[in-house]
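Notes to accompany the following structure.
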Amino acid sequence: MNKLSINDVDVRDKRVLIRVDFNVPLKNGQISNNQRIAAALPTIKLALEKGAKSVVLMSHLGRPDGRPIHAASMKPVVAELENLLGKKIMFLEDCVGSKVEAACANPEPGSVILLENLRFHVEKEGKGKDAQGNKAKADDAAVAAFRASLSKLGDVYVNDAFGTAHRAHSSMVGVDLPVKACGLLMKKELDYFAKALENPARPFLAILGGAKVADKIQLIENLMDKVNEMIIGGGMAFTFLKVLNNMDIGGSLFDEGAKIVGRLVDKAKEKGVKLHLPSDFITGDKFADVAKSATASVASGIPEGWMGLDVGTKTNEVFQKVIEGAKTIVWNGPPGVFEFENFSTGSKQMMDSVVRATEAGTITIIGGCDTATCAKNSNATEKVSHVSTGSGTSLELLEGKILPGVAALSQP
(Lines of atoms letter the chains of each structure in order from A and count residues from 1; the text may use other names and numbers.)
(Lines give C-alpha, C1' and ligand atoms only; values in the text may rest on other atoms or scores of the structure.)
Protein backbone atom coordinates (compact mmCIF):
# COMPACT_ATOMS: atom_id res chain seq x y z
CA MET A 1 0.00 0.00 0.00
CA ASN A 2 3.06 2.25 -0.16
CA LYS A 3 2.46 4.52 -3.16
CA LEU A 4 3.92 7.78 -4.47
CA SER A 5 2.32 10.74 -2.70
CA ILE A 6 1.65 14.25 -3.98
CA ASN A 7 3.89 15.35 -1.09
CA ASP A 8 6.85 13.89 -3.00
CA VAL A 9 6.01 15.15 -6.50
CA ASP A 10 7.32 18.36 -8.08
CA VAL A 11 4.20 19.95 -9.56
CA ARG A 12 5.62 23.44 -10.16
CA ASP A 13 4.33 24.85 -13.48
CA LYS A 14 2.58 21.55 -14.19
CA ARG A 15 -1.08 20.81 -14.81
CA VAL A 16 -2.31 18.53 -12.03
CA LEU A 17 -5.25 16.29 -12.93
CA ILE A 18 -6.94 15.16 -9.71
CA ARG A 19 -9.58 12.44 -9.44
CA VAL A 20 -11.70 13.61 -6.50
CA ASP A 21 -14.88 12.19 -4.99
CA PHE A 22 -17.48 14.95 -5.27
CA ASN A 23 -20.39 12.49 -5.33
CA VAL A 24 -22.36 14.67 -2.92
CA PRO A 25 -26.06 14.47 -2.03
CA LEU A 26 -28.24 17.04 -3.81
CA LYS A 27 -31.64 18.26 -2.67
CA ASN A 28 -33.55 20.55 -5.04
CA GLY A 29 -30.30 21.25 -6.87
CA GLN A 30 -28.51 22.27 -3.66
CA ILE A 31 -25.73 20.36 -1.89
CA SER A 32 -27.09 18.99 1.39
CA ASN A 33 -23.74 17.68 2.72
CA ASN A 34 -20.40 19.13 1.56
CA GLN A 35 -18.20 16.69 3.52
CA ARG A 36 -16.67 15.06 0.44
CA ILE A 37 -15.79 18.41 -1.12
CA ALA A 38 -14.22 19.62 2.12
CA ALA A 39 -12.22 16.38 2.38
CA ALA A 40 -10.50 17.10 -0.97
CA LEU A 41 -9.42 20.66 -0.07
CA PRO A 42 -6.04 19.78 1.52
CA THR A 43 -4.86 18.07 -1.69
CA ILE A 44 -6.13 20.89 -3.94
CA LYS A 45 -4.52 23.54 -1.72
CA LEU A 46 -1.23 21.64 -1.56
CA ALA A 47 -1.02 21.44 -5.36
CA LEU A 48 -1.61 25.20 -5.61
CA GLU A 49 0.87 25.98 -2.82
CA LYS A 50 3.49 23.89 -4.61
CA GLY A 51 3.12 26.09 -7.69
CA ALA A 52 0.92 23.97 -9.96
CA LYS A 53 0.06 25.75 -13.21
CA SER A 54 -3.48 24.41 -12.94
CA VAL A 55 -5.57 21.96 -10.95
CA VAL A 56 -8.12 20.04 -13.02
CA LEU A 57 -10.75 18.24 -10.94
CA MET A 58 -12.76 15.28 -12.21
CA SER A 59 -15.48 13.31 -10.44
CA HIS A 60 -18.71 11.40 -10.90
CA LEU A 61 -22.01 12.40 -9.31
CA GLY A 62 -25.07 10.18 -9.01
CA ARG A 63 -25.94 7.47 -11.53
CA PRO A 64 -26.72 9.07 -14.91
CA ASP A 65 -25.73 5.76 -16.60
CA GLY A 66 -23.58 7.21 -19.35
CA ARG A 67 -25.97 9.97 -20.46
CA PRO A 68 -25.99 13.74 -19.75
CA ILE A 69 -28.73 14.39 -17.18
CA HIS A 70 -29.27 17.91 -15.84
CA ALA A 71 -30.05 16.68 -12.30
CA ALA A 72 -26.63 14.99 -12.12
CA SER A 73 -24.56 17.96 -13.30
CA MET A 74 -21.47 18.96 -11.33
CA LYS A 75 -22.52 22.62 -11.67
CA PRO A 76 -23.88 22.93 -8.08
CA VAL A 77 -20.42 21.98 -6.83
CA VAL A 78 -18.90 25.16 -8.29
CA ALA A 79 -20.35 27.65 -5.78
CA GLU A 80 -19.66 25.33 -2.84
CA LEU A 81 -16.07 24.77 -3.92
CA GLU A 82 -15.51 28.50 -4.55
CA ASN A 83 -16.80 29.23 -1.06
CA LEU A 84 -14.61 26.60 0.61
CA LEU A 85 -11.50 27.31 -1.45
CA GLY A 86 -11.90 31.10 -1.58
CA LYS A 87 -11.03 31.03 -5.27
CA LYS A 88 -12.79 31.32 -8.64
CA ILE A 89 -13.50 27.98 -10.33
CA MET A 90 -13.65 27.49 -14.09
CA PHE A 91 -16.45 25.02 -14.94
CA LEU A 92 -16.35 23.08 -18.21
CA GLU A 93 -19.53 21.68 -19.77
CA ASP A 94 -17.90 18.32 -20.55
CA CYS A 95 -15.03 16.19 -19.25
CA VAL A 96 -13.41 15.10 -22.54
CA GLY A 97 -13.19 16.25 -26.15
CA SER A 98 -11.43 18.95 -28.14
CA LYS A 99 -13.04 21.93 -26.33
CA VAL A 100 -12.10 20.55 -22.92
CA GLU A 101 -8.58 19.72 -24.10
CA ALA A 102 -8.17 23.27 -25.45
CA ALA A 103 -9.41 24.84 -22.19
CA CYS A 104 -6.96 22.75 -20.16
CA ALA A 105 -3.98 23.05 -22.52
CA ASN A 106 -2.56 26.38 -21.34
CA PRO A 107 -4.71 27.89 -18.58
CA GLU A 108 -3.89 30.92 -16.46
CA PRO A 109 -1.34 30.03 -13.75
CA GLY A 110 -3.09 28.94 -10.55
CA SER A 111 -6.34 28.04 -12.33
CA VAL A 112 -8.75 25.54 -10.77
CA ILE A 113 -10.92 23.79 -13.35
CA LEU A 114 -13.89 21.54 -12.61
CA LEU A 115 -14.97 19.09 -15.31
CA GLU A 116 -18.54 17.98 -15.92
CA ASN A 117 -19.71 14.60 -14.56
CA LEU A 118 -17.53 11.70 -15.75
CA ARG A 119 -20.57 9.42 -15.73
CA PHE A 120 -22.19 11.44 -18.54
CA HIS A 121 -20.05 9.19 -20.77
CA VAL A 122 -20.63 5.44 -20.99
CA GLU A 123 -16.88 5.05 -21.55
CA LYS A 124 -16.17 6.07 -17.95
CA GLU A 125 -17.33 2.69 -16.61
CA GLY A 126 -17.60 0.83 -19.91
CA LYS A 127 -21.35 0.33 -19.55
CA GLY A 128 -24.55 2.29 -18.94
CA LYS A 129 -27.92 2.87 -20.63
CA ASP A 130 -28.95 4.38 -23.95
CA ALA A 131 -31.57 7.12 -24.47
CA GLN A 132 -34.33 4.47 -24.41
CA GLY A 133 -33.12 3.08 -21.08
CA ASN A 134 -31.69 -0.11 -22.56
CA LYS A 135 -28.36 -1.48 -21.38
CA ALA A 136 -25.45 -0.10 -23.39
CA LYS A 137 -21.81 -1.14 -23.57
CA ALA A 138 -18.96 1.05 -24.73
CA ASP A 139 -16.74 -0.40 -27.43
CA ASP A 140 -13.03 -0.72 -26.75
CA ALA A 141 -12.02 2.02 -29.21
CA ALA A 142 -14.38 4.53 -27.58
CA VAL A 143 -13.05 3.68 -24.11
CA ALA A 144 -9.48 4.12 -25.36
CA ALA A 145 -10.37 7.52 -26.90
CA PHE A 146 -12.07 8.63 -23.66
CA ARG A 147 -9.00 7.68 -21.62
CA ALA A 148 -6.65 9.36 -24.11
CA SER A 149 -8.63 12.61 -23.90
CA LEU A 150 -8.54 12.57 -20.07
CA SER A 151 -4.78 11.99 -20.24
CA LYS A 152 -4.33 15.23 -22.24
CA LEU A 153 -5.79 17.36 -19.42
CA GLY A 154 -2.80 17.17 -17.08
CA ASP A 155 0.91 16.51 -16.74
CA VAL A 156 0.63 14.79 -13.35
CA TYR A 157 -2.22 12.51 -12.21
CA VAL A 158 -3.35 12.46 -8.58
CA ASN A 159 -5.99 10.09 -7.20
CA ASP A 160 -7.72 11.30 -4.05
CA ALA A 161 -10.94 9.28 -4.49
CA PHE A 162 -10.47 6.39 -2.06
CA GLY A 163 -14.21 5.66 -2.14
CA THR A 164 -13.99 4.47 -5.77
CA ALA A 165 -10.50 2.90 -5.66
CA HIS A 166 -12.07 -0.58 -5.80
CA ARG A 167 -13.45 0.15 -9.28
CA ALA A 168 -11.36 -0.38 -12.45
CA HIS A 169 -12.98 2.60 -14.18
CA SER A 170 -11.34 4.87 -16.76
CA SER A 171 -10.68 7.78 -14.38
CA MET A 172 -9.12 5.39 -11.83
CA VAL A 173 -6.91 3.19 -14.01
CA GLY A 174 -7.00 4.64 -17.54
CA VAL A 175 -5.12 7.94 -17.28
CA ASP A 176 -1.80 7.53 -19.10
CA LEU A 177 0.62 9.96 -17.46
CA PRO A 178 4.19 9.26 -16.30
CA VAL A 179 3.53 10.32 -12.70
CA LYS A 180 0.49 8.93 -10.87
CA ALA A 181 0.38 9.83 -7.17
CA CYS A 182 -2.07 9.50 -4.32
CA GLY A 183 -3.60 12.61 -2.78
CA LEU A 184 -3.52 13.40 0.94
CA LEU A 185 -6.91 11.80 1.65
CA MET A 186 -5.97 8.62 -0.23
CA LYS A 187 -2.60 8.52 1.54
CA LYS A 188 -4.23 8.84 4.96
CA GLU A 189 -6.57 5.94 4.17
CA LEU A 190 -3.75 3.72 2.90
CA ASP A 191 -1.48 4.58 5.83
CA TYR A 192 -4.11 3.70 8.44
CA PHE A 193 -5.10 0.43 6.80
CA ALA A 194 -1.41 -0.45 6.48
CA LYS A 195 -1.05 0.08 10.24
CA ALA A 196 -3.76 -2.51 10.79
CA LEU A 197 -3.13 -5.00 8.02
CA GLU A 198 0.65 -4.96 7.58
CA ASN A 199 2.20 -4.32 10.99
CA PRO A 200 -0.44 -3.98 13.73
CA ALA A 201 0.25 -3.28 17.38
CA ARG A 202 -1.11 -6.28 19.27
CA PRO A 203 -3.49 -7.51 20.54
CA PHE A 204 -5.30 -6.82 17.25
CA LEU A 205 -9.12 -6.91 17.54
CA ALA A 206 -11.66 -7.01 14.71
CA ILE A 207 -15.26 -6.03 15.52
CA LEU A 208 -17.63 -7.27 12.84
CA GLY A 209 -21.36 -6.70 12.49
CA GLY A 210 -23.80 -6.89 9.64
CA ALA A 211 -26.84 -8.90 8.75
CA LYS A 212 -25.49 -11.93 6.92
CA VAL A 213 -22.54 -14.26 7.45
CA ALA A 214 -22.65 -14.99 3.71
CA ASP A 215 -21.83 -11.32 2.96
CA LYS A 216 -18.85 -11.31 5.32
CA ILE A 217 -17.22 -14.72 4.67
CA GLN A 218 -14.21 -13.29 2.83
CA LEU A 219 -13.82 -10.52 5.41
CA ILE A 220 -13.93 -12.93 8.37
CA GLU A 221 -11.55 -15.41 6.73
CA ASN A 222 -8.98 -12.79 5.73
CA LEU A 223 -9.00 -11.08 9.13
CA MET A 224 -8.61 -14.40 10.94
CA ASP A 225 -5.15 -14.60 9.35
CA LYS A 226 -4.26 -11.28 10.99
CA VAL A 227 -6.13 -10.67 14.27
CA ASN A 228 -5.81 -12.01 17.81
CA GLU A 229 -9.46 -11.56 18.77
CA MET A 230 -12.74 -11.10 16.94
CA ILE A 231 -16.12 -9.84 18.13
CA ILE A 232 -19.06 -11.07 16.03
CA GLY A 233 -22.19 -8.93 16.47
CA GLY A 234 -25.13 -7.69 14.46
CA GLY A 235 -27.64 -9.97 12.79
CA MET A 236 -25.01 -12.51 11.76
CA ALA A 237 -24.32 -13.38 15.42
CA PHE A 238 -27.63 -15.28 15.47
CA THR A 239 -26.53 -17.53 12.62
CA PHE A 240 -23.37 -18.37 14.60
CA LEU A 241 -25.31 -18.97 17.83
CA LYS A 242 -27.95 -21.18 16.23
CA VAL A 243 -25.30 -23.36 14.59
CA LEU A 244 -22.88 -23.50 17.54
CA ASN A 245 -25.31 -23.52 20.50
CA ASN A 246 -28.53 -24.67 18.84
CA MET A 247 -30.02 -21.49 20.27
CA ASP A 248 -33.68 -20.69 19.64
CA ILE A 249 -33.45 -17.38 17.78
CA GLY A 250 -37.14 -16.67 17.10
CA GLY A 251 -37.54 -14.31 14.17
CA SER A 252 -33.90 -13.15 14.29
CA LEU A 253 -31.81 -13.23 11.14
CA PHE A 254 -30.54 -16.62 9.96
CA ASP A 255 -28.85 -17.06 6.60
CA GLU A 256 -27.23 -19.45 4.16
CA GLY A 257 -23.83 -18.60 5.61
CA ALA A 258 -24.76 -21.11 8.33
CA LYS A 259 -23.13 -23.92 6.41
CA ILE A 260 -19.66 -22.41 6.77
CA VAL A 261 -19.89 -21.30 10.41
CA GLY A 262 -18.19 -24.54 11.51
CA ARG A 263 -15.35 -23.93 9.06
CA LEU A 264 -14.86 -20.38 10.33
CA VAL A 265 -14.79 -21.54 13.96
CA ASP A 266 -12.27 -24.27 13.07
CA LYS A 267 -10.06 -21.67 11.38
CA ALA A 268 -10.26 -19.44 14.47
CA LYS A 269 -9.05 -22.36 16.62
CA GLU A 270 -6.30 -23.20 14.15
CA LYS A 271 -5.08 -19.58 14.06
CA GLY A 272 -5.46 -19.04 17.82
CA VAL A 273 -8.08 -16.31 17.31
CA LYS A 274 -10.39 -15.81 20.28
CA LEU A 275 -14.01 -15.44 19.12
CA HIS A 276 -16.48 -13.38 21.17
CA LEU A 277 -20.22 -13.77 20.57
CA PRO A 278 -23.10 -12.04 22.40
CA SER A 279 -24.53 -13.87 25.43
CA ASP A 280 -27.64 -11.75 26.00
CA PHE A 281 -29.91 -9.53 23.93
CA ILE A 282 -32.53 -6.82 23.80
CA THR A 283 -35.39 -8.23 21.74
CA GLY A 284 -38.32 -6.66 19.91
CA ASP A 285 -41.67 -8.03 18.77
CA LYS A 286 -41.16 -6.41 15.36
CA PHE A 287 -38.47 -4.65 13.33
CA ALA A 288 -39.36 -1.11 14.37
CA ASP A 289 -38.27 1.57 16.82
CA VAL A 290 -41.70 1.40 18.47
CA ALA A 291 -41.51 -2.38 19.01
CA LYS A 292 -42.19 -3.79 22.45
CA SER A 293 -38.87 -4.78 24.02
CA ALA A 294 -37.73 -7.59 26.30
CA THR A 295 -34.50 -9.35 27.22
CA ALA A 296 -33.21 -12.80 26.33
CA SER A 297 -30.04 -14.85 26.63
CA VAL A 298 -28.38 -17.66 24.71
CA ALA A 299 -29.61 -20.07 27.40
CA SER A 300 -33.23 -18.86 27.40
CA GLY A 301 -33.44 -18.40 23.66
CA ILE A 302 -35.66 -15.92 21.84
CA PRO A 303 -39.34 -16.90 21.56
CA GLU A 304 -41.22 -17.09 18.27
CA GLY A 305 -42.58 -13.72 17.20
CA TRP A 306 -39.60 -11.89 18.72
CA MET A 307 -36.20 -11.00 17.30
CA GLY A 308 -32.84 -9.88 18.65
CA LEU A 309 -32.26 -6.20 17.83
CA ASP A 310 -29.41 -5.27 20.20
CA VAL A 311 -26.90 -6.84 22.55
CA GLY A 312 -27.63 -6.95 26.28
CA THR A 313 -25.95 -5.64 29.43
CA LYS A 314 -23.69 -8.65 30.09
CA THR A 315 -22.50 -8.70 26.50
CA ASN A 316 -21.71 -4.97 26.64
CA GLU A 317 -19.58 -5.54 29.75
CA VAL A 318 -17.64 -8.41 28.15
CA PHE A 319 -17.12 -6.54 24.86
CA GLN A 320 -15.93 -3.46 26.78
CA LYS A 321 -13.16 -5.48 28.48
CA VAL A 322 -12.08 -7.01 25.17
CA ILE A 323 -11.90 -3.53 23.59
CA GLU A 324 -9.94 -2.15 26.56
CA GLY A 325 -7.29 -4.86 26.08
CA ALA A 326 -6.70 -4.23 22.36
CA LYS A 327 -3.89 -2.14 20.83
CA THR A 328 -5.31 -2.10 17.28
CA ILE A 329 -9.04 -2.18 16.48
CA VAL A 330 -10.76 -2.44 13.10
CA TRP A 331 -14.53 -2.07 13.37
CA ASN A 332 -16.93 -2.84 10.51
CA GLY A 333 -20.60 -3.15 11.45
CA PRO A 334 -22.53 -2.15 14.61
CA PRO A 335 -23.69 -4.79 17.15
CA GLY A 336 -27.37 -3.80 16.98
CA VAL A 337 -29.99 -1.86 15.04
CA PHE A 338 -28.54 1.51 16.05
CA GLU A 339 -30.96 3.36 13.75
CA PHE A 340 -33.74 2.59 16.27
CA GLU A 341 -33.23 4.64 19.44
CA ASN A 342 -34.70 1.89 21.64
CA PHE A 343 -32.16 -0.61 20.30
CA SER A 344 -29.09 1.63 20.02
CA THR A 345 -27.58 1.23 23.51
CA GLY A 346 -25.17 -1.56 22.55
CA SER A 347 -23.79 0.43 19.61
CA LYS A 348 -23.46 3.61 21.71
CA GLN A 349 -21.67 1.79 24.53
CA MET A 350 -19.35 0.06 22.07
CA MET A 351 -18.53 3.44 20.49
CA ASP A 352 -17.81 4.88 23.95
CA SER A 353 -15.46 1.95 24.65
CA VAL A 354 -13.64 2.45 21.34
CA VAL A 355 -13.26 6.19 22.05
CA ARG A 356 -11.79 5.43 25.49
CA ALA A 357 -9.41 2.91 23.90
CA THR A 358 -8.31 5.59 21.41
CA GLU A 359 -7.63 8.01 24.26
CA ALA A 360 -5.49 5.30 25.88
CA GLY A 361 -3.34 5.00 22.73
CA THR A 362 -5.05 2.25 20.73
CA ILE A 363 -5.17 2.62 16.93
CA THR A 364 -8.89 2.55 16.07
CA ILE A 365 -10.15 2.34 12.49
CA ILE A 366 -13.82 2.47 11.52
CA GLY A 367 -14.93 1.21 8.12
CA GLY A 368 -18.36 0.76 6.60
CA CYS A 369 -21.21 3.20 6.11
CA ASP A 370 -23.29 2.07 9.11
CA THR A 371 -20.40 2.23 11.57
CA ALA A 372 -19.33 5.63 10.23
CA THR A 373 -22.91 6.89 10.72
CA CYS A 374 -22.88 5.42 14.22
CA ALA A 375 -19.68 7.37 14.96
CA LYS A 376 -21.23 10.56 13.59
CA ASN A 377 -24.38 10.09 15.69
CA SER A 378 -22.21 9.70 18.79
CA ASN A 379 -20.05 12.75 17.91
CA ALA A 380 -17.12 10.34 17.83
CA THR A 381 -15.81 10.90 14.28
CA GLU A 382 -12.91 13.05 15.55
CA LYS A 383 -12.40 10.91 18.67
CA VAL A 384 -11.22 7.72 16.96
CA SER A 385 -8.00 7.35 14.97
CA HIS A 386 -9.62 7.09 11.54
CA VAL A 387 -13.07 6.86 9.97
CA SER A 388 -12.75 5.59 6.41
CA THR A 389 -14.37 7.62 3.63
CA GLY A 390 -15.03 4.57 1.43
CA SER A 391 -17.19 1.78 2.77
CA GLY A 392 -16.97 -0.52 -0.27
CA THR A 393 -13.27 0.19 -0.73
CA SER A 394 -12.39 -0.38 2.92
CA LEU A 395 -14.36 -3.64 2.91
CA GLU A 396 -12.43 -4.92 -0.11
CA LEU A 397 -9.13 -3.92 1.49
CA LEU A 398 -10.06 -5.80 4.67
CA GLU A 399 -11.09 -8.79 2.53
CA GLY A 400 -7.54 -8.87 1.17
CA LYS A 401 -8.43 -7.76 -2.36
CA ILE A 402 -6.21 -5.63 -4.59
CA LEU A 403 -7.71 -2.19 -5.28
CA PRO A 404 -7.37 -1.34 -9.01
CA GLY A 405 -7.24 2.41 -8.34
CA VAL A 406 -4.37 1.95 -5.90
CA ALA A 407 -2.51 -0.64 -7.97
CA ALA A 408 -2.47 1.85 -10.90
CA LEU A 409 -0.49 4.46 -8.91
CA SER A 410 3.29 4.93 -9.16
CA GLN A 411 5.70 3.44 -6.66
CA PRO A 412 7.54 5.99 -4.46
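Any Cβ shown, glycine's included, is placed from N, Cα and C.
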One of Gly210, Gly257, Gly361 listed by Swiss-Prot as binding ADP at the site of Gly234, Phe338: Gly210
Ser59, Gly234, Gly235, Glu339, Thr371 filtered to the binding-site residues whose C-alpha is within 10 Å of Lys212 (AMP binding site): Gly234, Gly235
Secondary structure of Ala214 (Mg(2+) binding site) (DSSP, helix/strand/coil): helix
Candidate nearest His166 ((2R)-3-phosphoglycerate binding site) in space, where candidates are the binding-site residues Gly210, Lys216, Glu339 and distance is Cα-Cα: Lys216
Gly210, Gly235, Gly308 as binding-site residues, winner by CB count within 10 A: Gly308
Pairwise Cα distance for Gly308 (ATP binding site)/Val20 ((2R)-3-phosphoglycerate binding site) [Å, integer]: 40
In sequence order, the binding-site residues (Phe22, Ala211, Asp370) whose C-alpha falls within 10 A of Gly333 (CDP binding site): Ala211, Asp370
Alpha-carbon spacing, Gly210 (ADP binding site) to Val20 ((2R)-3-phosphoglycerate binding site), which is rounded to whole Å: 29
